[in-house]
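Beneath this line is the structure, given in structure tokens, with notes to follow.
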Amino acid sequence: SKLAALFEHPLYNIPVPEVTEKDKLFVINPMEKFSLHSSRSDEWVSSSKAETLLPTGKTAYDTYPAWLKFHVGINRYELYPRRDPLMPSLLQDLATQRIVSSVQKSGGTQLKLIMTFPNYGQALFKPMKQTRDQETPIDFFYFSDFERHNAEIAAFHLDRILDFRRIPPVSGRLVNITKEIRDITTDKKLAKTFFISPAGNVCFYGECSYYCSTEHALCGKPDRLEGSMATLLPDKTLAKRRSWRSPWRRSYHKSKKAEWELNPNYCAQVRETPPYNRGHRLLDLIDMTILDFLMGNMDRHHYETFEKFGNDTFLLHLDNGRGFGTHSRDEPSILAPLWQCCSIKKSTYLRLQLLATQPYRLSDLLREALATDPLAPVLAEPHLRALDRRLGKVLAAVGHCLAG
């Protein structure tokens, strides 16, 4: 396995700083057990009282479901560890756990559902809107593009291969619209949007600001629908997140350009503006830029951080559905922060060089990672080949900076 060999490589074994109590997102009571008091209850109940004795040699932590262990493991330096023993069970749960509730997620431009499992874990479901080989039409603006379920799955694995580990785990899943959405939803607005198409398929369209109409309905075959299931981060009431507007945000206007597109010295003013004037925030943003360029995502207007860790922490790479829309052309403007600032983390640069070598070719690694997903093949081959071409362009941009 090329993937196993990659994770054994010294560049993927650089130690993370020691994690102290204040570096953890949650400090938990080691005596606190996870217990499901009743199947009708709406939330899990933690209990410090010795109602049930734990099996010998087991700790309270062992009673936690995978999603809760994932939440408890988040720290200042990483969303999850490189060799995360939880990952297989977390992805398995997303793909197979029984869905007990489906409601529409509010906000956003396109339809997304929040699905709940019997162990109180939750996932964000993005339904399939187009086939894997459909490219975004060249006359489409980036902000009118569909979100793609397979892009969410591929982005998670790509982020892990780059060793960023800043995207919550995502798995593909085939969902039964009738049994796993329509029959169990408590969302009255969503419930009103189900219908049977002329072809006899079960369809629905939900309520949102774009693409929620009968013309853009999501239809099963006859009621089976592909989608991505992304692990939800801890509720914002428990772990506040701060949203930051990207300095290289696009104008989201058909004719206006953003300042960074007009000012070649734009990076100089970013470097003087908090939080980019100290620490590694700008370098983290350039990491995110590289991820976006590799997948062709032009839609990165904001990013988030956990408020508890202040400025000294990683950026969350959320919402990647507009990646992998085109393989036949590249969008050099995505890389503007890299070539305007001429800065990159040494560790990122060394890993990118490694991923351009034959034994660790990026397209081979992502193909191998995606082969285990329930919806494999997740990406059409031309998208995988485009990754190697784009990686060459990132390295050329760094080379240009070094030569300058």
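Just so it is clear, glycine is given a Cβ too, placed from its N, Cα and C backbone atoms.
Over in TrEMBL, the protein carries these features:
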type: ACT_SITE; residues: Asp299; note: active site
type: BINDING; residues: Gln110, Lys126, Glu147, Ala230, Thr231, Leu232, Leu233, Glu304, Asp319; note: ATP binding site
type: BINDING; residues: Glu147, Asp319; note: Mn(2+) binding site
type: DOMAIN; residues: 194-402; note: domain 'FAM20 C-terminal'
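Taking only the Cα positions, the spacing between Asp319 (ATP binding site) and the residue listed as 'active site' is 9 angstrom. Cβ neighbour count for Glu147 (ATP binding site) (all protein chains, 10 Å cutoff from its Cβ): 24.
Binding-site extent for ATP: residues Gln110, Lys126, Glu147, Ala230, Thr231, Leu232, Leu233, Glu304, Asp319, maximum pairwise Cα distance 20 Å (rounded to the nearest whole number). Burial estimate for the binding-site residues (Gln110, Thr231): highest at Thr231, by number of other CB atoms within 10 Å.
Cβ crowding, taken as the number of other Cβ atoms within 10 Å, peaks at Asp319 among the recorded positions Asp299, Asp319. Confidence across the domain 'FAM20 C-terminal' (194-402), taken as the mean pLDDT and rounded to a whole number, stands at 95. The Cβ of Leu233 (ATP binding site) lies under 8 Å from the Cβ of His71, Pro168, Ala239, Arg241, Leu316, each of which sits 6+ residues away along the same chain. In this structure, the CA atom of Gln110 (ATP binding site) is 14 Å away from the CA atom of Asp299 (active site).
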